[in-house]
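Remarks on the structure that follows.
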Amino acid sequence: MQFCYSGFIAERMNLRYFLTIGTLGSGIMVYMFGMAKYYNIHTMPYFLVVQLLGGIFQSAGWPGVVTVMGNWFGEKKTGFIFGVWNSHTSVGNILGTLIAGRFVENNWALSFMVLGLIMIVLAVIIFLFLVSEPTPLNDGAKTRSSDTDDQSEATGSNEAETEEKARVEQHPILSAGQTNDSQAIGFIQAIRIPGVAEFSLCLFFAKLVSYTFLYWLPLFIRYSTSFSPEDSANLSTLFDVGGILGGIFAGVISDYTGMQAFTCGAMLVYSVPMLYIYYLYGSTCVSVSIGLLLLTGALVNGPYALITTAVSAKLGLDPTLATNTRALSTVTAIIDGTGSMGAAAGPLFAGFVSDHLGWEYVFFMLMISDVFALCVSIIISQRWKKEASGGHMCNPRCAKLTL
C-alpha cells in the first residue's frame, strides 16, 4: 500500500526533493542493515524495522522516475524509449548481484554497506542535477524569440507562469494546451481508469516470476551445478541481461503494432514452456545455461517492463479524467505497488515450496503464475476489442492497448 501513498504524494510534491529523500533514505537503511554485524545486533525487531523503513523509502522511486520520464519524452513511441530506459533496473540488479557476490563469502555486511553508500552518493547527484520537466527551458527559449514590440507583455506572462510552476511541480505528459490548473487525482478515481486494475493484476503475476528468479536463481544454480556461490551469482546476472533485451524488444513491438496487451500476451505464451526448459536443461553445460538464461530473462521481464513503463504512462493520460490530468504518479504507483505484492509473495512461496516439495514445483508455480498473467492480458484485450467494435469505447487509447 505504501506505493499508492507514494504516488499520491508524488503528484503533490517537487519530484527532485521526492526522489532525493527516497534514495537517501533507502541508502541509509541498506547501510544500517550491514552495520548490524559490527554492532553485534542479532534481534529480529531491528531488522524488521530497518526493512520496513527501507521499503517505505524505496517506494518513492518508481512513481517519481516514471513521471519524470513522462514529462520529458511525451506520448509518442514511448515503448522503445521506456524499453531502453527501463534497462536500468536490470543493470542495477546485475551490479547489485556482482557487488554483493564479491563480499558474501568473506564479509556479508559489506554487501549491504557498499551498496548503501552508492545510493547515498546517487541521492546527492539527484538533488544537484535532476531536472524533473523541460518547461522552464522552453519558457526561456520562448522569451528570447519574442518580438521586440510585445517583449514586456510576454515577459510578464512568462514570469507569471514561472511563479505558478515554482509553486507546484509540473506533472505527467501534459500537452501544449494544458495548464497547471489541473488537479491531482485520488486513489479511487485512478483505480477506476479502464485497464488500471487489470494491468495491476497482470503485473502481480509477472513480477512474482521475475523477482523469484532475482532472489532464488543464484541458489538454484548453486544447487543444480558445482559452481561456487560467487560464480552462481555472476551467472545469474545473465537473466537480467536477457531482461534488458526483452524490455527493449517489447517496447519496439508495442510501438510498431500499437498493441501493448497483445505484446505482453505473446511473450507470456513463450515464457511458460521456456521456464520448464530451463529447469530441465539449464545445468547441462555453461553455454546452454547462458543461452537459456538470456531467452528466459527476455520473455519473463519483457511484459513486466512494458506494463510498468509505457502502459502506465498511457493509462495515466486517460481522457476520462477531464481536467484532472495529473494522474501518472498515482496510476504508476497502483500498478507497480500491486506488482510489488507479487514480488514479495513469489520469493516467500518459493522458499517454502523448494524446502517441502523441491525445485521442480517452484518452476511449476512460476509457470502457473505466467498462465494467470496471460489470462488477464487476454481478458483485457478481448474486453477492449469488444468495446471498440461496439462503437461505445469510453477510452480512445484502449484501441492502442488491445489486440
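Every residue, even glycine, has its Cβ placed from backbone N, Cα and C.
As annotated by TrEMBL, domain 'Major facilitator superfamily (MFS) profile' applies to 1-385.
The feature region 'Disordered' is assigned by TrEMBL to 139-167.
Packing against the transmembrane segment (15-34) from elsewhere in the chain are residues 6, 9, 47, 50-51, 53-54, 56-61, 64-65, 67-68, 108-113, 115-120, 122-123, 126-127, 130-132, 169: each is 6 or more residues past its ends and has a CB under 8 Å from a CB in it. The transmembrane segment annotation in TrEMBL covers 15-34 (among others).
Per TrEMBL, transmembrane segment is recorded for 46-65 (among others).
Residues 15-17, 19-20, 23-24, 26-38, 68, 96, 99-102, 137 of the same chain lie 6+ residues outside the transmembrane segment (108-131) yet bring a C-beta within less than 8 angstroms of a C-beta in it. Per TrEMBL, the feature transmembrane segment maps to 108-131 (among others).
The transmembrane segment annotation in TrEMBL covers 201-221 (among others). Residues 93, 97, 101, 227, 229, 232-233, 235-236, 239-240, 243, 264, 268, 271, 275, 282-283, 289, 296-297, 300-301, 303-304, 307-308, 335-336, 338-347, 349-351, 354, 359, 362, 366, 369-370, 372-373, 376-377, 380 of the same chain lie 6 or more positions beyond the ends of the transmembrane segment (201-221) yet place their CB under 8 Å from a CB of it.
Summarising the annotation, TrEMBL assigns transmembrane segment to 233-254 (among others).
Residues annotated as transmembrane segment in TrEMBL: 261-281 (among others). Through the fold, the transmembrane segment (261-281) approaches residues 202, 206, 209, 246, 250, 253-254, 288, 292-293, 295-296, 298-300, 302-303, 306-307, 359-360, 363, 366-367, 370-371, 373-374, 377-378, 380-381, 384, 401-403 of its own chain, all at least 6 residues removed from its boundaries and within a Cβ separation under 8 Å.
Residues of the same chain lying 6 or more positions beyond the ends of the transmembrane segment (287-307) and with a Cβ under 8 Å from any Cβ of it are 79, 82-83, 86, 89-90, 199, 202-203, 206-207, 209-210, 213, 221, 225, 235-236, 238-247, 249-251, 254, 260, 263-264, 267-268, 270-271, 274-275, 277-278, 281, 335, 339, 370, 373, 377. Sequence annotations record features per position, and here TrEMBL assigns transmembrane segment to 287-307 (among others).
Feature annotation from TrEMBL assigns transmembrane segment to 361-380 (among others).
Mean per-residue pLDDT, taken over the domain 'Major facilitator superfamily (MFS) profile' (1-385), amounts to 79. Note on the transmembrane segment (233-254): residues 78-84, 86-87, 89-91, 93-94, 97-98, 100-101, 104, 210, 213-214, 217-218, 221, 227, 260, 263-264, 267, 286, 289-290, 293-306, 309-310 of its chain, located 6 or more positions outside it, place their CB under 8 angstroms from a CB of the stretch.
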